[in-house]
Amino acid sequence: MVRFALADKSAADAPNGWYSSLSPGSPPAVGRSGCAAVEDDQIRGDLATVQLGTPPRGFHLLVDSGSADIWVGGENCQADEGGGCGDHKFLGEKSSSSFRDTGKPWGISYGTGYVSGNMVMDHVAFAGLTLQNHTFGVASNESAQFTPDNIPLDGILGCAKSPLSIQQTPTLVEALRSAGLIASNIISYKISRESDGKNDGEITMGAMDPSKFVASSLVRVKNVNTGGFWEANLDAVTVNGEDVGLVNRSCIWDTGTTLLVAPKEDVDAIHSAIPGAKFDTSSNAWTVPCDTDASVSLVFGGKFFSIRPSDLAFLPVDPNNTMGACTSAIAEGVSEGPTEWLVGDTMIKNVYLSTNEDTDEISIARLTD
């Protein structure tokens, strides 16, 4: 089992109004697996440190279950608005003796921003495991969403399935399995919450970490998406224990998205059941009381998984009034279809999430205290 730790970062550093939306337009495993700490940034996603190149250097990559490609900025990176790509780590032949540029162009557009460059080969290492000459992208051009100095990510670690890959390469977990470095094509996520101060987030490749979830709450549901996303049918939605009447919905699980995004009629139905919720016409978004105690639950596999009320109240409308109205973390938006939701960290912080490519299943469980 390979584990990555995920450390906490405050939302206060984020540029005003910025949040991430990076989706492109099992029993414990036996044998080896890996786990790494993941740094939780309330606004901008969940970061893992991955070692790239020779000598190896640590790059902070946003862990994104809604895309399938790896990329980092290149030494020649240029921003759209001119100049370099900010105070970030960059990879190229000057910094890595094992770096090889394939000359194959590549680019991707996300819900927020885009990058382009070339496909390269270099060594990728983390949690004691090394992939020699792994193929991934290096960006020579980045949009303004990725270049500010106070955006802490150096690139993206895509964790969806390879059919979604723009680069048309095996994903990291697939490459690890092919190399015999992990036993199963499993990725598991425990996303920490900055306000808890625990700094206990991690991503595990090859297995689930039973110390992170309540075994009796575990459900395994079929992945209903054939295009590379991880998507589960949604049984029901409740607010304070009352069913709001939403049926025949499905949810794409996306650690690269901050909020929970759903069609307008669904967002309206949920907020209509939340005491004190109001629609703010100036921002075209719903607000909830910052001190709301409303319990919003999603039902998968017959089990209820609740969003902590403090996660529902995303950010104060007035930064100087933290007891007034807060922008809701359940937002209107379009995903892949009219009945599909995009479930981001608003929900994922409240569960243990695991995806198994071998069985094409999604596992969801309540977190241990």
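Indices start at 1 and increase along the chain as displayed.
Cβ atoms here come from the backbone N, Cα and C positions, even for glycine.
The following features are taken from TrEMBL:
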{"type": "DOMAIN", "residues": "46-365", "note": "domain 'Peptidase A1'"}
{"type": "ACT_SITE", "residues": "Asp64", "note": "active site"}
{"type": "DISULFID", "residues": "Cys77-Cys85", "note": "disulfide bond"}
{"type": "ACT_SITE", "residues": "Asp254", "note": "active site"}
{"type": "DISULFID", "residues": "Cys290-Cys326", "note": "disulfide bond"}
For Cys326 (disulfide bond), nearby residues of its own chain (Cβ under 8 Å, 6 or more apart in sequence): Thr287, Val288, Pro289, Cys290, Thr292, Ala313, Phe314, Leu315, Pro316, Val317
For Cys85 (disulfide bond), nearby residues of its own chain (Cβ under 8 Å, 6 or more apart in sequence): Gly73, Cys77, Gln78, Ala79, Ala139, Glu142, Phe146, Thr147
Surrounding CB atoms that lie within 10 Å of the CB of Cys77 (disulfide bond), all protein chains: 24
Fewest other C-beta atoms within 10 angstroms, as judged across Asp64, Asp254, which are the active-site residues: Asp64
All-chain count of other Cβ atoms within 10 Å of Cys290 (disulfide bond): 22
